[in-house]
There are 4 protein chains.
Amino acid sequence: MTAFPEIERIPFEGPQSKNPLAFRYYDPAEKVEGKSMRDHLRFSVVYWHTFRGQGADPFGPGTAARPWDDGSNSLENAQKRVRVAFEFIDKLGAPFYAFHDRDVAPEGESLAESNKNLDDVVKVLKEEQQRTGIQLLWGTANLFSNPRYMHGAATSPNSEAFAYAAAQVKKALEVTLELGGAGYTFWGGREGYQNLWNTDMRRELDNLARFLHIAVDYAKEIGFTGQFYIEPKPKEPTKHQYDSDAAACLNFLRQYDLLDHLKLNLETNHATLAGHTMQHEMDLAGAAGALGSIDANTGDMLLGWDTDQFPTDIYLTTQCMHTLLKYGGLKTGGVNFDAKVRRESFEPIDLFYAHIGGMDAFARGLKIAAAIRADGRLEGLLKDRYASWDSSLGAEIEAGKHSFASLEKIMLERGEVTPNRSGRQEMIENLINTYM
Amino acid sequence: MTAFPEIERIPFEGPQSKNPLAFRYYDPAEKVEGKSMRDHLRFSVVYWHTFRGQGADPFGPGTAARPWDDGSNSLENAQKRVRVAFEFIDKLGAPFYAFHDRDVAPEGESLAESNKNLDDVVKVLKEEQQRTGIQLLWGTANLFSNPRYMHGAATSPNSEAFAYAAAQVKKALEVTLELGGAGYTFWGGREGYQNLWNTDMRRELDNLARFLHIAVDYAKEIGFTGQFYIEPKPKEPTKHQYDSDAAACLNFLRQYDLLDHLKLNLETNHATLAGHTMQHEMDLAGAAGALGSIDANTGDMLLGWDTDQFPTDIYLTTQCMHTLLKYGGLKTGGVNFDAKVRRESFEPIDLFYAHIGGMDAFARGLKIAAAIRADGRLEGLLKDRYASWDSSLGAEIEAGKHSFASLEKIMLERGEVTPNRSGRQEMIENLINTYM
Amino acid sequence: MTAFPEIERIPFEGPQSKNPLAFRYYDPAEKVEGKSMRDHLRFSVVYWHTFRGQGADPFGPGTAARPWDDGSNSLENAQKRVRVAFEFIDKLGAPFYAFHDRDVAPEGESLAESNKNLDDVVKVLKEEQQRTGIQLLWGTANLFSNPRYMHGAATSPNSEAFAYAAAQVKKALEVTLELGGAGYTFWGGREGYQNLWNTDMRRELDNLARFLHIAVDYAKEIGFTGQFYIEPKPKEPTKHQYDSDAAACLNFLRQYDLLDHLKLNLETNHATLAGHTMQHEMDLAGAAGALGSIDANTGDMLLGWDTDQFPTDIYLTTQCMHTLLKYGGLKTGGVNFDAKVRRESFEPIDLFYAHIGGMDAFARGLKIAAAIRADGRLEGLLKDRYASWDSSLGAEIEAGKHSFASLEKIMLERGEVTPNRSGRQEMIENLINTYM
Amino acid sequence: MTAFPEIERIPFEGPQSKNPLAFRYYDPAEKVEGKSMRDHLRFSVVYWHTFRGQGADPFGPGTAARPWDDGSNSLENAQKRVRVAFEFIDKLGAPFYAFHDRDVAPEGESLAESNKNLDDVVKVLKEEQQRTGIQLLWGTANLFSNPRYMHGAATSPNSEAFAYAAAQVKKALEVTLELGGAGYTFWGGREGYQNLWNTDMRRELDNLARFLHIAVDYAKEIGFTGQFYIEPKPKEPTKHQYDSDAAACLNFLRQYDLLDHLKLNLETNHATLAGHTMQHEMDLAGAAGALGSIDANTGDMLLGWDTDQFPTDIYLTTQCMHTLLKYGGLKTGGVNFDAKVRRESFEPIDLFYAHIGGMDAFARGLKIAAAIRADGRLEGLLKDRYASWDSSLGAEIEAGKHSFASLEKIMLERGEVTPNRSGRQEMIENLINTYM
Ligand SMILES: [Co+2]
Ligand SMILES: [Co+2]
Ligand SMILES: [Co+2]
Ligand SMILES: [Co+2]
Ligand SMILES: [Co+2]
Ligand SMILES: [Co+2]
Ligand SMILES: [Co+2]
Ligand SMILES: [Co+2]
């Protein structure tokens, strides 16, 4: 049985190819800075959008044609879907995938039944992982869809919602361990508020931190050594999510002594909804040693919600890959396509087009970023720009040798600063264009 | 000599007054929750907008009619302006003011001359403080206007800009101490970037932290015991300021071990430019014990720049005052009108209208907030909402008695959570309206 | 049978009431400017949010507890729901309601069956209208939910989608006529695009205009003399809707010679998503003689999607009512609550709280607006402000007596303009506050 | 005398060039679709940003180093600046320029003196035009900087501001005619409002239309046959400008019977501030036959003010040029760089970098757009997509042969629409990438 009989393994055909079902840039074996593109990019397909997304939006139901899916909530349908998913990921050639517990297995009448369903599907996931070699990038638990989580999970005013979420994450961690997952992600879908008048923010934050500490403890207990991630998003579905951006997450992790245990999983569309570029968020996380993984997508800059579009802008992918290379590249993380086809792109083949486009855009961004680094002109400009910090006064200041008094003395003598130099933004933007 | 001959001390006349030059709500001596309105609100007038703002915008020069100002950069003009400022603040009845070094005294040809100019004006400020009893809420240094700071001050690629800024803050601290200032504020106008391609974010953040540590050291050295503040703003003039919001500031302060030394000075318009309500920023700071002072203004929610309008919305002022009361009220900080009259409101009398409106709106917000608290219905709703955390399971979790295993056990038994209760947002919004 | 046994007809109890299930301002019989509040406000309840909304969002299914609804798509359930709706509207005391065809009756297997279902429900609507005296403010057809409309209805690249939409609107017009509806509204949910590369904008606009002309023709044919409305919204669900704001709608209506046939139905949240205040949209429509009806709700200014919240801000409702009074008040239109309770406000009683709050906020806004007009200070300021246009040079210009040559001659003589006067924005904002 | 001794005429060196002072794509003589790039692109340099901009922002004064400019307001300085401007434009190789009256000549003590100053500078402009062959793309008058226009010009409550503006535009039109300008542009800087409470929108709009009619009359009188343009911008400096976007301008022009006389001058940054892409605005204007000229720049999508950056994004320039080609290319209009170097790019050489980058980005966009058209795949997809409108039912509808009754009859028979086809957004985005 095959769900995509007309599709073979997507080949690499090079930049001249006009085949929309081939890669023009992503050649997994090709070496860039001494490492294969496969290992640089660690592409990952997400189960939720790609295998569960139907294209529903607030103004209409799903449109997706998924002939392999009978639309039921049965275990059989769930298991069959796993086979299709792995056929897809395998033909695409992505080495990783990611999922929430409730994406892969139906929620049962009770927690016990839900756990059993999950176990039954995990068996198939494991089989398919072994058959194809595809690996689990990270697991996670859906703590936002079920109405029990309407007011949040770890931050709910209902303490049993906290307890239920704990049980659910426990199971998800076990399953992630079972499947050899390289990480585990917390995205706090409804961990925030709709209205401050009815919210005790301090208590909710305390509970959120408590929850994460218990999770860290449990991972240790069961020997899960994968990387924990926290994924920022400023809003939607809540009016305000506590983990609103990289800085808010880092502040929270520092405040509650969790920074040793979690890194950031950054998403482009969440960055821009928070008023930052993805490059900013990645640079900030990298500078803090907390750049873990990326959810590779893009938003529409004129829309105010999370459109989770596939990334095709090569300026964006170049910025992402340049920043990753700067901070040493991906370790446990990946380039995870937390992205969905448009509601109007409802045919199965659109799933291939979408992922191929995203992968090629990132492969191209990687090559451009490496070319920029190899060429050295940009890095040279940067080195020059900060040169005053590399010797004499600048170096002394950085070495901690100065106080306000000593600096005042120097500047009273000099009277004015050495003239500034142009920031050269336009020239640098042109320079970047020469690599495109 | 008087600059405002037609204006007497602004009287309190009560809500029925139709006099636009009287207070309808702000009665400084009136007690609210056992404290005078004067002590609750600690109103402060800013020197920059009110005495130096001319109404220039990127599309045209200033319009302001300020008959007392000869438009020159002379010391005499600067000193005369101080007398006018104190006449204004005194007639208005605000107990505090705030200034940047370069607001009050002209920048000279050299640092030494600038310092001398500052000293000469500070003498007059001191005289006027003594004459009127008006106090300095906080001092600060302008580290963003002069072209030497075009690339930042503490974060400049030019190490001498750092040194010059150090000298300038040293002097500003001394002057603040001399004038008995209750605090000192850092707002990092150009401490950020215009473009990430030409920026070394990590190095710049390190330097910013270094600068603040040196400042803290110097304060200790000279015996300045006022409160340090850092003021978040996400952007403008830079594309991205490092201190973008409360969370970003707190993260930075924690990362660099500065949290004991600085509190936040939060501004409404900066909050909304960063995508947060002022209520959010104040609550977040309050929960972290870092709510220091507020720059009371408002933005236009449909405009993307800092309009610094005078606050007149009583929903906003109620939220501010309710949050302040929740966290124990202002200590060293104040309600500082970092606000400017519109370019079209160019007459001196508009300065009175603007401040009276802002003060009355805050006084009214204080009374509404106190009424909400006295009434107790809102607090009661909140207490009920979190009741499940106050006993049994919730209390045990908060007491640290649970693990994932123990929680799973409980929830496997219970199967599902106790039903949630409505968040009652609409009812609460109606309830708030009953106090308006 | 009653769905709300614990609720009586919502009484008016006056501003001092602490009863959350009473009106504090809305007294239908009270006269304002010589007309009853009932006739000024013409409140209307929407069927879609209030009786079909379940609280689903992109991150989770519905939460609403609606004990009277069996959740099925049966005709019986639909008919029973009508009884509940009228009980609700009647107890609330709103004189109008509005609905889409697919809100009230289930879509069948074929167009014929859908039409039959609609007829079967319309019978019950008619009975209930007669029983209660509640009237239909406007009808409309849902041309955006069914996947057949994924690419638009009148603007679909699929010409049969146009034809199907035509058939659906034909029926909806007939039904609106049958129920004595005072109007009919077009909201072009997916009449726009997701991407310009695959879109022929000019052809789509031509088809949209063609569709409206055919509708106007058909209304004439069947004797429907109600008012047609077009409702602007800039985006969502599409990336860009053609009817993006009041100006875009007016431009379209003028271009295609439809301005005599349609007025605008303006919605607050759509105004702000388009970057305008509701006051702006209403003033612009009023100035063009096209202010038809309003969808009374509010958005969250920090969120980028249509939250359709109930309006409670009295500044907003004052602005709306002041503008309506300025342009002569509502004629065929109403204050239609196109608003929904939050997903967390899932209990039936929240529907009452929400509508009561909205109605009271508008009643209060009406009274404040009337007080502003009665007092005359604001209008006096405005009259003064434009006085230079009421005589001599200004009056001559407005009378068409001047050319560039004659004006140049005058200004060469005068050399400079008579000094401007302050715009007094702050004083006016304070003045508005005196009525709050 | 030369202001740029180190710069020769900027050469075309081809894509491989690493010379930052050479064109890599813009080869003026190269033919694209049978027309030279020079004639396709009609590049224009703006006098205001490039020769008058100093880099001031609301937080600091100018930084620009312009050694040829003595900083004075003298006529000599103004005339000398013209020589420098033409040296720059000539070395750059742009065939056009544009200016406001007050950019080129100092405002005098009286209108008469201002006019005389303008005449004295226009003589030099004319000499330099003849010397270099550079032409005037369009002229305009600055009706927003001088405080007399604080409340607007044609829409001022001060009727003498209207009269003064009339005199100023009269002169600007005469000068534009004298210099052989191909057009004249109206940008209504302060033609809007800061606050609706103090504004009579209808009267102001009437006056704005009156002003434009008088201008059209005067142009006819003096024989100016150039194209009039109106330039939309939603806000800044005002809270809301009347000409907020393309649709608002078209609506206004239609309402006041001005559509035959003015086309649109569209600016990218204004489009995005209004919530539209530039591609949208151009397509909408093109579809209305009103696409006149473009102000080629870009904004920062995360900033809420008009940054007027030089355009370097090749996706943007491709969209612009593709839309222009679709509507027949530029006629009287041009690709006018209404763009400014960053405050930190303060050296003269940055002016060259900036313009070279913008010109190259547009030349590249032109070549990509032409390649897309030559290839035909995109157009083929579009033709297929709308095929149902080209025959049978669709063609009949477009031919006006159908009514609601006839369409209902057809759809009752067919029961449901022919299945939709995928919108293929992702595939098309990938396709566009193959041309980059
Ligand atoms: Co994500
Ligand atoms: Co997302
Ligand atoms: Co401030
Ligand atoms: Co501010
Ligand atoms: Co609506
Ligand atoms: Co809406
Ligand atoms: Co422009
Ligand atoms: Co602009």
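Heads up, the Cβ atoms here are built off N, Cα and C, so glycines get one too.
The following features are taken from TrEMBL:
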- C:H100: active site (ACT_SITE)
- C:D103: active site (ACT_SITE)
- C:122-280: domain 'Xylose isomerase-like TIM barrel' (DOMAIN)
- C:E231, C:E267, C:D295, C:D338: Mg(2+) 1 binding site (BINDING)
- C:E267, C:H270, C:D306, C:D308: Mg(2+) 2 binding site (BINDING)
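The structure, with features from TrEMBL marked on it.
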| residue | record | DSSP (3 states) |
| --- | --- | --- |
| C:H100 | active site | strand |
| C:E231 | Mg(2+) 1 binding site | coil |
| C:E267 | Mg(2+) 1 binding site | strand |
| C:D295 | Mg(2+) 1 binding site | strand |
| C:D306 | Mg(2+) 2 binding site | coil |
| C:D338 | Mg(2+) 1 binding site | coil |
Spatial neighbours, same chain, of C:E231 (Mg(2+) 1 binding site) - Cβ under 8 Å, 6+ residues apart: C:T185, C:F186, C:W187, C:D243, C:L264, C:N265, C:L266, C:E267, C:H270, C:D295
Cβ-centroid neighbours of Mg(2+) 2 site C:E267, C:H270, C:D306, C:D308, 8 Å, sequence order: C:K233, C:T268, C:N269, C:L273, C:D295, C:N297, C:G299, C:T307, C:D338
Least surrounded among the recorded positions, given as C:D103, C:D338, when other CB atoms within 10 Å are counted: C:D103
Closest of C:D306, C:D308, C:D338 to C:D103 (active site), Cα positions, binding-site residues only: C:D338
Chain-internal residues near C:H100 (active site), provided their CB is under 8 angstroms and they sit 6+ positions away: C:Y47, C:W48, C:G139, C:T140, C:A141, C:N142, C:A172
Cα-Cα distance linking C:D338 (Mg(2+) 1 binding site) and C:D306 (Mg(2+) 2 binding site), given in Å to the nearest integer: 11
Integer average pLDDT (0 to 100) for the domain 'Xylose isomerase-like TIM barrel' (C:122-280): 98
Rounded Cα separation (Å) that holds between C:D308 (Mg(2+) 2 binding site) and C:D338 (Mg(2+) 1 binding site): 7
Additional residues surrounding Mg(2+) 1, by Cβ distance to the C:E231, C:E267, C:D295, C:D338 centre under 8 Å: C:W187, C:K233, C:N265, C:L266, C:T268, C:N269, C:H270, C:I294, C:N297, C:N336
Fewest other Cβ within 10 angstroms of its own Cβ, chosen from the binding-site residues C:E267, C:D295, C:D308: C:D308
Cβ-Cβ neighbours of C:H270 (Mg(2+) 2 binding site) (radius 10 Å): 30
Those binding-site residues in C:D295, C:D306, C:D338 whose CB falls under 6 A of ligand 5, listed in sequence order: C:D295, C:D338
C:D306 (Mg(2+) 2 binding site) CB neighbourhood, other CB atoms within 10 A: 24
Annotated recorded positions C:D103, C:E231, C:E267, C:D306, filtered by Cβ under 6 Å to ligand 6: C:E267, C:D306
